[in-house]
Amino acid sequence: LSGWLHRNFDTRTVYVANRFPQHGHYIPQRFADNRIISSKYTIWNFVPKNLFEQFRRIANFYFLIIFLVQLMIDTPTSPVTSGLPLFFVITVTAIKQGYEDWLRHKADNEVNGAPVFVVRSGSLVQTRSKNIRVGDIVRVAKDETFPVDLVLLSSDRADGTCHITTASLDGETNLKTHYSVAETAECQSVTRLESLQAVVECQQPDADLYRFVGRMTVTQHGEEIVRPLGPENLLLRGARLKNTKEIFGVAIYTGMESKMALNYKCKSQKRSAVEKSMNTFLIIYLGILLFEAILSTILKYAWQAEEEWDEPFYNRKTEQERNSSPILKFISDFLAFLVLYNFIIPISLYVTVEMQKFLGSFFIGWDLDLYHEESDQKAQVNTSDLNEELGQVEYVFTDKTGTLTENEMHFRECSINGTKYREVNGKLVPEGMTDDAPDGSTPQLVTHIYTTDGVSSSVIPPCCHSLQIGDELLFLKAVSLCHTVQISYDQPDLVGGGDPFSHANGFSSSHMEYYASSPDEKALVEAAKRIGVAFLGTSGDTMEIKTFGKSERYKLLHVLEFDANRRRMSVILQTPSGGYVLFTKGAESAILPFATGGEIEKTRLHVDEFALKGLRTLVIACRHFSPEEYIEVDRHLNAARTALQQREERLQEAFGYIERDLQLLGATGVEDKLQDKVQETIEALRLAGIKVWVLTGDKHETAVSVSLSCGHFHRTMNILELLQQRSDNECAEQLRILARRIKEDHVIQHGLVVDGASLSLALREHEKLFMEVCKNCSAVLCCRMAPLQKAKVVRLLKTSPEKPITLAIGDGANDVSMIQEAHVGIGIMGKEGRQAVRNSDYAIARFKFLAKLLLVHGHFYYIRIATLVQYFFYKVKLGYDHKAFMNLKWCLYTTLMGNGQMFGNWTFGTLVFTVMVITVTLKLALETHFWTWMNHFVTWGSIAFYFIFSLFYGGIIWPFLHTQDMYFVFVQLLSSGSAWFAIIIIVITCLFPDVVKKVFYRHLLPTSTQKSQALSCVESLCCYQHGQSGCSRLARLLEQITGQCQASTNHCHSSSRSNRWGGRQRQETIFMKPDESSAPLGFKNVGLQS
């Protein structure tokens, strides 16, 4: 360690309590402050940074150039025609993005302003989180989160240990134990800490959550004591203190240098696929514009080649024009034509798109189906730029803990000596029996193994004595003793040499709380306590349980820790009678092959049944040792643990020697409670053609169990594994084997499980092979993932040749990097803080809301934006055609108006624009599928407003106008019968092909939506549950998720609910459209009718 620190100059030196050396040549290092920043702008850089990002858009940059050209040269149009719309677009976008970033600032200020306690000047001082400096000694109390990365100095425990949970960092809800250095563990008061002289030398900030290398030098009585520091000494920001009253730690990494912040991805501007395609079309139209301007300039000079047209009598040149440079004149003419033709690129499109996105985003917040009543939380939109992207998603990357699950484990069933039991009201009831069975028919366990809340008697009923020596009671004792559970008591702490188990006297469930390194262990110990065998705690090497009111103390001799190879853990105990027993638990594949006694086959069947129900299973067994056997076991363990070479291999041999010849006791089934309707949501996404990947920091076994229970993996699926790969060659060979297996099995669906270490190797040199395997799998599960690894997986899919649209969803700080990396990031408003919500594009309260967010809102947003963009380019083309039509005015000048006058220049132009306004408005009416009062008002009101405004504008002499060319023009036009005839004929001619096309397609090639409109009832999907056409499995599933579909419905009922804002919410009807090419990518088989 010392050599590493000396060789690596990129280290930091932290003086505890900022007690710097007194010699004059010391220069303190500069460290970051403790502010967390998730916002993108500041008050100083908002204007330049926002303008830079906005002018990166091709359209904005183009109109800026046009505006500058209009200012520099004499052009046919005023600079106001380009400058004013551009200013409006830039201003509206800046206000929208500034408001969204202000919300992020507000959330950051809540975190940075949180109160904390630090030791300064010999006392405990309250300050704000942002004021913590590197070297400060920070006090953290029970259930509080760590405000910085700390090296643990001391805790309220004599051994200086503490317990934490890191669910918001790596998704693991289990309890982890961290340690302090022995020399600082005794500093449990502010006075002792103030006198502490210590220096920490460690590596510079690193994003790896599981890596920390350093050393602490403590000066005591003039002597320097050096102790190594590792990950077990570091308390990470975002983790939560559990089962410990308080701790003191020294701040090592602060603010954006903390490991949690380093796992954030730099925030960048996300752009939707529609916007990128708009830019592509814009470049095409820009090319057309340049071609037109160049062609027009060339034709102008070709026309002026003859002297009579070079300087006609009505347009004499000035002396300056005659003497000007031909090149400059050519450029000037080219720019003039560029400005003249710039209508081909509609700036109004970008104004309308911005407004449509911003106003349309309110629909998500208003949707009552996305409102979570229990937590009073509605869906939240943090950015409206990606609305249509929701309807294009092809891959969903989801966290497990807190996103798919509720972070709650519940004991459900067990198998004891070949008999299945389930827990009912704190009692174990055999399968097929009920809790209230008649007297005499109830089995022994129901009668005597009952809840003992409030039991004060230590006398066991006589009828239970036979139970004590049976396998049933031994099974419950094994559950209560084979674990690493810690207990927190709400009663006052122990003082001096009091009885460490004094809490047990008259204990109740309200006085103790279990904390475990595994959530399964906690659920099992709590279940055993409810049934009557309660674990009371550990003191030194003594474990105490209370069996139906009677206390028993066991001496803990050895703990055989869990590891991924053995997939089991064991404890060796000395019983109160002096005997020796080993209790072991683990996966069925790790226990059953080593069992020689008990109901092995029955238990195996029960384990399979538990697994089919989605329960997490553990098998429990025991082995009794004679005194001679235990001496041999103890010798093997001590020799392996003290070996200097090949210690791990020797430990595995010793464990294998001990954990054999087991007596099988039974098995347990624990439910990892899923969020409501998770399985239906994943199935709906799968039917829509979306692939779901689960990325979690949890253990392999836990992750696979949850994937099976939530429907991500199916029982019939062939599960492939890429686990514990240690070299590039080994990883490549395993990937080739998996690829061959997939090719050989053409029918079976495949699921892939990969861990973080193997993923790192696969992404290093075998990306293409890894992606080939993944894309051929129906579902992928990545476990033991670091936060940045999650982002790397998302980036790998994003940058693949197919360029699929990705979505990431999570609830904790460990999910922020993948949320920021994906095209669309969604935060879950869960129990693990608000980091994911603050950094997401959208936030919802539950995973089940994802189905409607994508399949309904995403679909509608995409259809709206696609229709809007196509409609605007239709307007541009129509305007261009009318411009060309105006060139025929010389031929139409002979056309007489009603008063005998001929059409003039302004009259003819007004006629053309009147036709264009009516045509594009009626075209919009033709494309409307559902009419409301608002549609009628806007459609017919637009035409009426045009006529009223034109009459008003042309009927008054405006004093501020230089010319009055439009005076009385519109009135004269409308007074002409031939003008009305021309308007009607031209409008009908323009719209007739569209009407014919719609009639033809509706009758010969109708969509499913159009077919359904002929049915008498289209209000509810429930009408089609009995085999009628127009309904799909996906549609029914979606209505079940949102709670809109009744199980049995013979008639259609139209229902609408009053929303929270006093309005009415219309129910959407969803139908399958197998061949609708206009549906969004990834949803080509899904159509929705409003």
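Yeah, the Cβs are placed from backbone N, Cα and C, and that goes for glycine too.
Unlike curated entries, TrEMBL annotations are predicted automatically.
Here is what TrEMBL records for this protein:
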| type | residues | note |
| --- | --- | --- |
| DOMAIN | 28-82 | domain 'P-type ATPase N-terminal' |
| DOMAIN | 116-178 | domain 'P-type ATPase A' |
| TRANSMEM | 280-303 | transmembrane segment |
| TRANSMEM | 334-353 | transmembrane segment |
| ACT_SITE | Asp399 | active site, 4-aspartylphosphate intermediate |
| BINDING | Asp399, Lys400, Thr401, Glu521, Phe562, Lys585, Arg616, Thr696, Gly697, Asp698, Arg784, Lys790, Asn814, Asp815 | ATP binding site |
| DOMAIN | 837-875 | domain 'P-type ATPase C-terminal' |
| DOMAIN | 891-1007 | domain 'P-type ATPase C-terminal' |
| TRANSMEM | 906-926 | transmembrane segment |
| TRANSMEM | 938-961 | transmembrane segment |
| TRANSMEM | 967-992 | transmembrane segment |
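Cβ neighbour count for Arg784 (ATP binding site): 23 (other Cβ atoms within 10 Å of its Cβ, all protein chains included). For Phe562 (ATP binding site), the number of other Cβ atoms no farther than 10 Å from its own Cβ, over all displayed protein chains, is 19. A Cα-Cα distance of 9 Å separates Asn814 (ATP binding site) from Asp399 (active site, 4-aspartylphosphate intermediate). Across the domain 'P-type ATPase A' (116-178), the prediction's mean pLDDT works out to 85.
Taking the Cβ of Thr401 (ATP binding site) as centre and 10 Å as the limit, one finds 30 other Cβ atoms among all the protein chains shown.
Around the Cβ of Arg616 (ATP binding site), a 10 Å sphere holds 24 further Cβ atoms from the protein chains shown. Cβ neighbour count for Gly697 (ATP binding site) (all protein chains, 10 Å cutoff from its Cβ): 28. Arg616 (ATP binding site) sits 19 Å from the residue listed as 'active site, 4-aspartylphosphate intermediate', taking the Cα positions as reference. Of all Cα pairs drawn from Asp399, Lys400, Thr401, Glu521, Phe562, Lys585, Arg616, Thr696, Gly697, Asp698, Arg784, Lys790, Asn814, Asp815, which the record names as binding ATP, the longest spans 32 Å.
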